[in-house]
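A short worksheet on the structure shown next.
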Amino acid sequence: MAVIGSGPAGFYTAYKVMSKIENSVVDMYEHLPVPFGLVRFGVAPDHPEVKNCQDKFEEVAESPRFNFVGNISIGDDVGALPLRSLLPHYDAILFAYGASRDRTLGIPGEDTLKGIYSARAFVGWYNGLPEYSDLAPDLTLGEEAVVVGQGNVALDVTRILLQDTSVLKSTDITENAIETLQKSKVRRVRVVGRRGPMQAAFTIKEIRELMNLPSVEFEPVNGSLIPEDLKGLPRPSRRIMEVIKKGSKATEPTKKWSLDFCLSPKAFDASPTIHSQLGSVSFEKTTLNPDPFDPNARAIGTSQMVDISSSLAFRSIGYKSEPLAEFSELNIPFNDKSGTIPNDHLGRVVNEDGLVTPLKGMYCAGWVKRGPTGVIASTMADAFQTADSVAEDWHSHAAFLNSVDNEALGWDGVKQEAEKKGLRRVSWQDWKRIDAEERRRGSAQGKEREKFTKVEDMLAVLD
Ligand SMILES: Cc1cc2nc3c(=O)[nH]c(=O)nc-3n(C[C@H](O)[C@H](O)[C@H](O)COP(=O)(O)OP(=O)(O)OC[C@H]3O[C@@H](n4cnc5c(N)ncnc54)[C@H](O)[C@@H]3O)c2cc1C
């Protein structure tokens, strides 16, 4: 089986397939020279315990039936390997390539003004994602920042902006990010959402962490949005409401944050003095229908506008998956609206018209299967479900991809084409050398690792 993507979805599916199908072999293609997807480039650096899943992935990768094919992207760009070159050499393909774009607001100023960052870019930058190594966010223009969106990623961004850098310094955050955060003038962050606290997407752990930051005060929320009697609420909402009502513990605050509800972003406006720079964000006030306490309430515009001055804004309204370049040519479906590969909910790729004929040998797992929501635990559950489908199909002699002479050569069959294109494969042993060098650089600075943020620097370790 060829697995495309080395995040949790790829690793957990590989693990289960290898344990359920005797003698199965997995080749895992990853477009970067380093594995683990959002576990490395998404999960916040001050949440190291979340990254413990990497121990399991290491165990999977140590198997002689597993090959890491790092630094090889599947696609039609120069420097990528076309999907069609994999097909003759595998029985099955697993799409586990996650969500490599982010959703946009589509409002004026979003693409033109300086000072507006996507959360994906900002998170990628502080976590050392090569794509954003040159982002260089300017955090010195003012004291205010606005985060649009109220999910866990929005709260991660807020915490990184407000957290004491001495706490972050010992994590695997990049040194460059620490230097930028040390110079930051941001003192107040507003986390803005279209709906109310009862509809917000963040979870208890993330909100509690912000409330516990020692020198950061939380501005109380409008009480009319919180039910008076919390007893009748389901446990998760009740705990969140209690934490919001209680507020922060800061005694001598130097910074501040707030949850600003019922505001829908309408435009990013230029600064009156520097016209290329963000000066404020305008929002339309909303009301909640049918009522503020209904968890499914909808936000309805009121035509009343509010301007929030800020030279810095972060858009955190979700990630988005895209089809691989050859999908339409190879008749592999993709649902643009949901940003997912149509599947039978058990991971078998199916045609969009009728959910009946599974495309033989094609599977999907993770964010590209069910959309860009959910934590590592839910990604694991859905990867296991996909692996069960692969095993069930295999054991029931269902149709798989037609490999040449019925003998799937895997990477051995593909590598000639990769070599012809001048592509350089990074093996698991190669990654371990990069890993060791990152750890060595980190220990010199009293941190777990200092990540390489450029692909060429990762590869230079191997020369
Ligand atoms: C900012 C952020 C913070 C998060 N924090 C937490 C947290 O604290 N706790 C938690 O449990 N969950 C957290 N999550 C959620 C968790 O990261 C996801 O549930 C999980 O990573 C999804 O796994 P995946 O394998 O589907 O995708 P990904 O992890 O994105 O993996 C996809 C992989 O595919 C590779 N790839 C993409 N395109 C190609 C291609 N064409 N060819 C080859 N390879 C390709 C990518 O480089 C990547 O390595 C967070 C998510 C984000 C965005």
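Each Cβ is built from the backbone N, Cα and C atoms, and glycine gets one as well.
Automatic prediction, not curation, is the source of TrEMBL annotations.
In TrEMBL this protein carries:
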type	residues	note
BINDING	A9, E30, L38, I74, W367, G374, V375, I376	FAD binding site
BINDING	Q150, G151, N152, V153, R194, R195, E206, G374	NADP(+) binding site
Cβ under 6 Å from an atom of ligand 1: which of these binding-site residues qualify? The list is A9, I74, G151, R194.
A9, I74
Tertiary neighbours of E30 (FAD binding site) (same chain, Cβ under 8 Å, six or more apart):
G5, S6, G10, F68, V69, G70, N71, I72
What is the one among the binding-site residues G151, G374 whose Cβ has the most other Cβ atoms less than or equal to 10 Å away?
G151
Assigned conformation of I376 (FAD binding site) - DSSP reduced to three states:
helix
Which secondary structure state does DSSP assign to R194 (NADP(+) binding site), in the simple three-class scheme?
coil
Per DSSP, E30 (FAD binding site) is which: helix, strand or coil?
strand
Long-range neighbours only, meaning 6 or more apart in sequence with Cβ under 8 Å: which ones does W367 (FAD binding site) have?
G7, A9, G98, A99, Y319, S321, T373, G374, T379
Compare the Cα of L38 (FAD binding site) against each of the binding-site residues N152, V153, R194, E206 and report the nearest.
V153
What does DSSP assign E206 (NADP(+) binding site), in three states?
helix
